[in-house]
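As recorded in Swiss-Prot, the features of this protein are as follows:
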type	residues	note
BINDING	ASP34, ASP87, GLU159, GLU161	Mg(2+) 1 binding site
BINDING	ARG47, ARG71, GLU159, GLY232, ASP234	DNA binding site
BINDING	ASP180, ASP182, ASP234	Mg(2+) 2 binding site
COMPBIAS	360-376	compositional bias 'Basic residues'
REGION	1-105	region 'N-domain'
REGION	123-254	region 'I-domain'
REGION	336-344	region 'Interaction with PCNA'
REGION	352-376	region 'Disordered'
Amino acid sequence: MGIKGLSKLLARYAPKSMKEGKIDQYSGRVIAIDASILVYQFISAVRDTTGATMVDEFGETTSHIIGTFYRTIKLIESGIKPVYVFDGKPPEMKDGELNKRKENAQKAQEQLDKALEEGDKEQAKKLMKRTARMTKEQSDEVKKLLQLMGIPCVEANCEAEGTCAALVKAGKCYATATEDMDALTLGSEYVVRKFSASDNKKEPIREYSLSSILEETGFSMEQFIDLCILLGCDYCDTIKGVGPITAFELIQQYKSIENVLKHLSDKYKVPENWKYKEARELFLHPDVADFSDYKLEWNKLDEEGIKQYLVTEKHFNEERVTKGIEKLKNVKSKKAQGRLDSFFSVKKVPLSKSEAASGVKRKKPTTKAKESRKKK
């Protein structure tokens, strides 16, 4: 779910914190991708003409595999170095939210069964998306494919967006790609949404900057976290009657939830045993690994392994799979492809024509020369 209403609130109070762009603008960037969000989108969106998820000849869902394969190829062709982060065990404080989702999914399934029985195809298509969910088996299948493609996969201790944020904070990745805005609350400097949208939707990618949010709002990180808790997060309930604008104004005036509660009108109902402090602690100190010395590795493409898995085991079209592999090979064969291949190298300033002709080698600037440049 993320943070309720945060994107709309930022559009009002911190408009400069969000900018729109295209996927090619991230060429050369290492992006931490919330795998569960991406796979869920493929299960929901990649469907046949009847609205049902794509399956193999044995009736097993394959939408997540085919979607991940082609989307990853597109990212790599755009010069992006993807890192897929998978969910670990959710925190206990999220149990209430997960139970609500389970109940909603069961209701949606009952409505879907009824729509199918009555032959209401349009309603059935809508409900199929609401009942979509990723299983552990599907997650493992995606991991296997990515490993064959040579793409790094990271298993989170807890929730994926927290680990994505940790990778960004450690300088290993530029941004977190997710639809969950709580990646900002967890400390990711940049969060990109609509990152996995298909080209035919023509939706711009939206990038949010945490430092810009704090600068425009005048909030500290702790105050921003308290705002997100008031808006509504996955870890605790909210104060009934306090909407997004009121929440913003309360934090702006009183600086913390503790002070808000001291001055809050009796017309607002505060949840009993409200665990906002525990939620705050989860945002400030999420259960993540230390990535300071962690090395991300993009391995060699296993061409035969991919064919064995996708064509032999999963029964995908061999010609299409081969074309996909060729696209990956073509990208890797282009040595001088800008930031993708020289991402970790230092760019040298070329010599001028006169310097090159005379065989001059540039000297490193002296301390005095450096000081002179600074003054200019």
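All positions are counted from 1 along the displayed chain.
A Cβ is built for glycine as well, from the same backbone N, Cα and C atoms used for every other residue.
The structure displayed is predicted, hence computed values, not measured ones.
Shown on the structure are the features that Swiss-Prot records.
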| residue | record | DSSP (3 states) |
| --- | --- | --- |
| ASP34 | Mg(2+) 1 binding site | strand |
| ARG71 | DNA binding site | helix |
| ASP87 | Mg(2+) 1 binding site | coil |
| GLU159 | Mg(2+) 1 binding site | coil |
| ASP180 | Mg(2+) 2 binding site | coil |
| GLY232 | DNA binding site | coil |
Could you round the CA separation between GLU161 (Mg(2+) 1 binding site) and ASP182 (Mg(2+) 2 binding site) to a whole angstrom and send it over?
8
Rounded to the nearest Å, what's the C-alpha distance separating ASP234 (DNA binding site) and ASP34 (Mg(2+) 1 binding site)? Just drop the number here, would you?
16
Please identify, among the binding-site residues ASP34, ASP87, ASP180, the one with the smallest Cα-Cα distance to ARG71 (DNA binding site).
ASP34
List the residues in the vicinity of the Mg(2+) 1 site, defined as same-chain residues other than ASP34, ASP87, GLU159, GLU161 with C-beta within 8 angstroms of the site's C-beta centre.
ALA35, SER36, ILE37, VAL85, ALA156, ALA160, GLY162, THR163, CYS164, THR178, ASP180
Pick the one among the binding-site residues GLU159, GLU161, ASP180, ASP182 whose Cβ has the fewest other Cβ atoms within 10 Å in this structure.
ASP180
Between ASP182 (Mg(2+) 2 binding site) and GLU159 (Mg(2+) 1 binding site), what C-alpha distance do you get in Å?
11
I'd like the Cβ neighbour count for ASP87 (Mg(2+) 1 binding site), meaning other Cβ atoms within 10 Å of its Cβ, all protein chains included.
21
Distance check against ASP180 (Mg(2+) 2 binding site) for the binding-site residues ASP34, ASP87, GLU159, GLY232, keeping those with Cα within 10 Å:
ASP34
Neighbour-count leader, CB within 10 A, binding-site residues: ASP34, ARG71, GLY232, ASP234:
ASP34
In Å, rounded, how far does the Cα of ASP87 (Mg(2+) 1 binding site) sit from the Cα of GLY232 (DNA binding site)?
21
Summary of DSSP states over the region 'I-domain' (123-254), given as helix, strand and coil counts:
69 helix, 16 strand, 47 coil
